[in-house]
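Novice: Please read through the structure below; I'll follow up with questions.
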Amino acid sequence: MGTQAQTTSERLVGVRRLIATVMVPVRESGDSVWLRRSHWIGAGLVTVLALVVAIFRIDRPSPWADEAVTTLVVRGEWSGIPPLLGGADAPLVPYYVLAKAWAALFAWLPTLTAVRLLSAVAGALTVWVLYELVARRVGVGPAGVISLILISFPGWSRYAQEARPYALLVLMATVLWLAWDSRPPAEPTRFGSSLRGHGWLGWLPYVAALGGSVVFHLFGLFQWPAQLLADITTPGVTRRLRVRRLTQSVTAMAVAAVAFGLPVVIGALRGTGAPRLIPLTVKQLVFDFAVVVQAQPTLGALIVVLVFILIALLTVVFRLPAARRYTDLVRLAVIWAAVPLVLSVLAAVLRPSLLRARYWMPAVVPLAVLAGVGTLVLAGLVWQALRGWADSPRGVPALRVVAAMLAILIGFGVQAYVAIPQQRFVRSEAGHAQRAKGALAAMNDLLARNPGMPVGTSPYTRSTILWAMDEQLEPVDVLQKRIPNTDSVWPVNRPTAEVSSLLAGHDQLVWMRAIIQSTPRPTLPPKPLQELGFRVVSAEKHGSWWVCIVERGK
């Protein structure tokens, strides 16, 4: 009996030692071989898990219009990309170049899936970079929990499965914060000497990260003032050191602006934002914030996450012992989330076309940090609450460990559970707000029964969706066409004379009319067809499209 009790006690001591070890910040771990191994094993596990989650059913959602445009650009010739610098898509040219090169490596995949895979890899790398950042500051244990919280967010999944640059925007913003945290320390010496002391090369990763944060999307620029605020509010250092660190940051940003400024300036001058304006209201801001976390404006699921974020904030503000070790991480996360969000809203005030939840996506990472800290603090509160009882003669010390771990599992489980419906939705056909597979099937059925029947699509902003999903459709579309090597990625309406020429000898065609919001059943065809004497004889609704038969009047 005594031997068994001793064995249990030894195991308990081992568990406590393990917990203490995984809570040691990696940058303070010294030469611990075990901690280094657990660090890399943990990083590998969460990264692989993130990649699996990101690619799961990545090909199921129908693309939305912007994704479809990306697919068409990538599918086209290299010569078609440089002219885009003169148009509204100028900010996206670096992304198009990367996406086209990436898709060439996965030529056996459909173009849309290949480009979405780039976002999936970016999403997984974001999780890895976040793990590294958190592990440096508070240990591999909290890093694992916070990484899992991020993976559970449907907003992260949604943009990790999209053929647009937003997953890259999130990745580069996260890389920038890791580079900020890893750069050489400031020293209270005259300007420049601390940089030379650590070597100018030691600052190159940070300068490169600054440039990378804006190359793929201009909203990455809002991370720069956030980092300046983080410098100013650095705790536990003298005012002189804060000023020194701020000066070094400004210097690095100036170098990055010179090195990477040309594409940024071109993008800022040419870019226009989304074509459709959304009124800036409090309700819209709340909905967009919900989309960042939950991928849908589902306030119930968002409230659960906000509860854990509130726990993190309140326990840090009131300096509870369970939250003390996370204080500086919470400070960074609040700045990381709040400053870019506020600046994004101000940008939308100045230019309403910039009010889009997708531009806010870098905030999903610090929000996961705050929700993860809230989960960890709950476990810490349980651990402290059971201290006196567990150490008493009748106490069961092992129960304290089990209770703390159970608190983490429950906290994570609740957040993951409320996210399941949204995780399923983003992987459904309508996950990207479009449903086109049924419409294409209906169109192909009509064409199989009527060989040689022409096909037309409208409006031009939605034609790209069908073209991206069916590569053979674009060349035969009698209503829309793309003009190669121009500054626009969008199709244009064919003039009536050209439509007439393409319909010579045909009295019927299939007309695919996109449903935008609540487009009613079509009764009139597009104007060129009306001028040529065509009328709608049937219309069937399939997903996000009306599939119509249009016939020339006798």
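One is the number of the first residue shown, and numbering goes on along the chain from there.
Glycine is treated like the rest: Cβ placed from N, Cα and C.
All TrEMBL annotations are machine predictions without curation.
These came from TrEMBL, pasted as-is:
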type     : residues : note
TRANSMEM : 40-58    : transmembrane segment
TRANSMEM : 105-131  : transmembrane segment
TRANSMEM : 137-156  : transmembrane segment
TRANSMEM : 163-180  : transmembrane segment
TRANSMEM : 200-222  : transmembrane segment
TRANSMEM : 249-269  : transmembrane segment
TRANSMEM : 289-317  : transmembrane segment
TRANSMEM : 329-351  : transmembrane segment
TRANSMEM : 363-386  : transmembrane segment
TRANSMEM : 398-420  : transmembrane segment
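I'd like these features described in context: how deep, what's nearby, how far apart.
Specialist: Taking Cβ pairs closer than 8 Å, the transmembrane segment (137-156) reaches residues 19, 22-27, 35, 38-39, 42-43, 45-46, 49-50, 53, 123, 126-127, 130-131, 170, 181, 291-296, 305, 325-326, 328-329, 361, 364-365, 367-369, 371-373, 375-376, 408, 412, 415-416, 419, 422-423, 425-426 in its own chain, all 6 or more past its ends.
Long-range Cβ contacts of the transmembrane segment (163-180) within its own chain (Cβ-Cβ under 8 Å, at least 6 residues beyond either end) map to 63, 66-67, 70-71, 92, 95, 98-99, 112, 115-116, 118-120, 122-123, 125-126, 129-130, 132-133, 136, 156, 205-206, 208-210, 212-213, 215-217, 219-220, 223, 227, 230, 249, 332, 336, 340, 358, 361-362, 364-365.
Sequence-remote contacts of a segment are chain residues at least 6 beyond its ends whose Cβ falls under 8 Å from one of its Cβ atoms, and for the transmembrane segment (200-222) they are 91, 94-95, 98, 165-166, 168-169, 172-173, 175-176, 178-180, 182-184, 248, 252-253, 255-256, 259-260, 263-264, 267-268, 271, 339-340, 343-344, 347, 359, 362.
Counting only same-chain residues 6+ beyond the ends of the transmembrane segment (289-317), those with a CB under 8 A from a CB of the stretch are 153-155, 157-158, 323, 326-327, 330, 334, 341, 357, 360-361, 363-364, 367, 370-375, 377-378, 381, 411, 414-415, 418-419, 421-422, 425-426.
Note on the transmembrane segment (329-351): residues 134, 137-138, 173, 177, 181, 219, 222-223, 225-226, 229-230, 233, 235, 273, 280, 285, 289, 312-313, 316, 323, 359-360, 362-363, 365-367, 369-370, 373 of its chain, located 6 or more positions outside it, place their CB under 8 angstroms from a CB of the stretch.
Beyond its flanks by at least six residues, the transmembrane segment (363-386) meets 126, 130, 134, 142, 145-146, 148-150, 153, 155-156, 170, 173-174, 292-293, 305, 307-313, 315-316, 320-323, 326, 329-330, 332-334, 336-337, 340-341, 399-400, 403-408, 411-412, 415 of its own chain at Cβ-Cβ distances under 8 Å.
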Novice: List, by number or range, the same-chain residues at least 6 past the transmembrane segment (249-269) whose CB is under 8 A from its CB atoms?
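Specialist: Contacts of the transmembrane segment (249-269) (Cβ under 8 Å, skipping residues fewer than 6 from its ends): 85, 90-94, 180, 183, 195, 203, 206-208, 210-211, 214-215, 218, 221, 224, 227-228, 231.
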